[in-house]
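Database features (TrEMBL):
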| type | residues | note |
| --- | --- | --- |
| BINDING | 29-34, Asp53, 61-64, Lys77, 122-127 | ATP binding site |
| ACT_SITE | Cys178 | active site, glycyl thioester intermediate |
| DOMAIN | 480-575 | domain 'Ubiquitin/SUMO-activating enzyme ubiquitin-like' |
| REGION | 574-610 | region 'Disordered' |
Amino acid sequence: MTSTSAGHATVEKMTDLDIARASKVLMVGAGGIGCELLKTLALSGFADVELIDLDTIDVSNLNRQFLFRRRHVGMSKAKVARESVLAFRPDAKITAHHGNVKDAAFDVDFVSRFDVCLNGLDNLDARRHVNRLCLAASVPLVESGTTGYLGQVTTHVKDQTACFECVAKPTPKSHPICTLRDTPDKPIHCVVFSTDLLFPRLFSADPNAKSDLDEDDAVELNAFTRLESESPAAFAAKVFDYVFRRKIQTLLAKTEMWEKRTPPTPLASFAELAGGASPDDVAAGAVASLIETAACKALGLNDANAVWSVADAARVFVSSAARILSRDAAVNGGTDAFSKDDALAVEFVTACALLRSSNYGIAPMSLFDAKGMAGNIVHAVATTNAIVGGLIVLEALKVLRNARVGKEIDADAATKISELGGPETPEHQAFIKQQRDQKCCAYKYTFVKQFASNNRLLEPIDADAPNPKCHVCGAARVELRCDATRMTLGSLIDDVLLKKIGMIAPEIQHPRTILYEHDDGDSLDEDEVETYRKNRSTRLVDLPAGGVKSGDVLSVTDFSQKFEFELLVTHVPREEWDDEEHPEGFELRGDASGGKGDDDDDADGGGGGG
């Protein structure tokens, strides 16, 4: 952190403008909140700001992210936000990073250069990561989020307030695979089938990728394997006929499945729906190139609020799939995961969800509605973002002033102890605490409401104290309940540590051996890489040194986050699990690892990571 001048009168005489000018600020996220925040920081006198954002500007951002214009579509949010603010505050030093806050460049040493970190993120994983970096660097964090007319700003100072993870945040609801694959009955089931099952199965960069869709008949028919003789469009048409026709016909033969459910209806073949046109002609539409434009534009479907017919959805399905495959081939890569900011991905998911809805008699959705559901979007309100941006700056000024006051109090106390020639005593510590309580401003959590209560639309409450049972800033142990005879180490790493707990590069140690170390490219020799590769595919009970048994405690560390905790493994046989309650086949227990909190994965932050 940057240094401050000593002297009792110094901080007392400093105005908020003086403090702003003397501080170095890290901003993460340049989206709905970030645009308002950067503008407000600049107008409040802050002169040294660095911001990080991964995203590029989409036309849908323009109605509320006022630093952007139509000419900026497709450009870096961070860089354009910087240029827009410098236009009215040219003397400010603003550094823009177009990147993922989880990148190795933005490590603890990087964060420690700043006096405060201000978050305007839109995903929980990135927010957890920044929280851990700030704890490790002892840098105060001001968190924020908005959902429509609602918003909140919370302050997190190491050892003084709760960290961001002291209270558990709700995680996105999971759905049983069997429901998604065979018996959907809600629109969300159709969307999640499209985003989480079919999309990665078709477009993954891994040629050996498998999924829960790879059942025996799909494998026999090469339903999800593109042959050398197949064009991208022909392959997409083959997938269409399998997913929405042949697979449904196979399910209908399982008569017991439909005794208490309405059976699905197979769709007509793609050839019938296309009126005899070839898949390649359908995919191209009015544009010859499969790379230069989106599927809807090529097919003349320009109303995002319209609900397509089944025939139109079939055309979009084949055209968008062919275009994604062609785009990936052009860069010799793949698209491993759905992104709400990828127009072709949104078109594909919308078409797939509508076709799936038609199979099962579920209400269909427009592209606008499907994008909102797939991206977990609650459409934003610019005024809420502006209010939250202002509240962040107020809390940041409070944090920065308190830090300077605290340093003066500590310096005075150290001088007095030195003059007395004695060690620090409990009386000294009590005096320091008393001085802090008297001279420092109290930290607050402030909530923005849609409707006034007690004549207030803003509701401030005292910040929570640190939670000693938090597994991030406290000393809590997390319990993993799973079937140790089925769960592999790879599933533990990918599904539990990376996805649920939000680690980046976990390493796992058993009391008797090291089970897994992260390979950063040059730290492990070939034998170690091969050993850990084999361990990933091994069931917990069959791992080296006697395996992981019920009651074993694993030590889990992520050096990139300076984060470690103990993981207690409890074996629960698979037949005892409730698939509806725990569709992933495991449960995390611990004071900060599950349950409901006040916060959510808020809708209108920026894409600093993910």
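From the backbone N, Cα and C atoms, a Cβ is placed for every residue, glycine too.
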- [ ] Restricting to the same chain and to sequence separations of six or more, state which residues have a Cβ under 8 Å from that of Cys178 (active site, glycyl thioester intermediate).
- [x] Asp579
TODO: Which residue among the binding-site residues Gly29, Gly32 has the fewest other Cβ atoms within 10 Å of its Cβ, if you could check?
DONE: Gly32
Task: Among Asp53, Asp122, Asp125 [binding-site residues], residue with fewest other Cβ within 10 Å - done: Asp125
Task: Protein Cβ atoms within 10 Å of Asn63 (ATP binding site), excluding its own - done: 11
Task: Reported mean pLDDT - the domain 'Ubiquitin/SUMO-activating enzyme ubiquitin-like' (480-575) - done: 92
Task: Helix, strand and coil residues within the domain 'Ubiquitin/SUMO-activating enzyme ubiquitin-like' (480-575) as assigned by DSSP - done: 28 helix, 28 strand, 40 coil
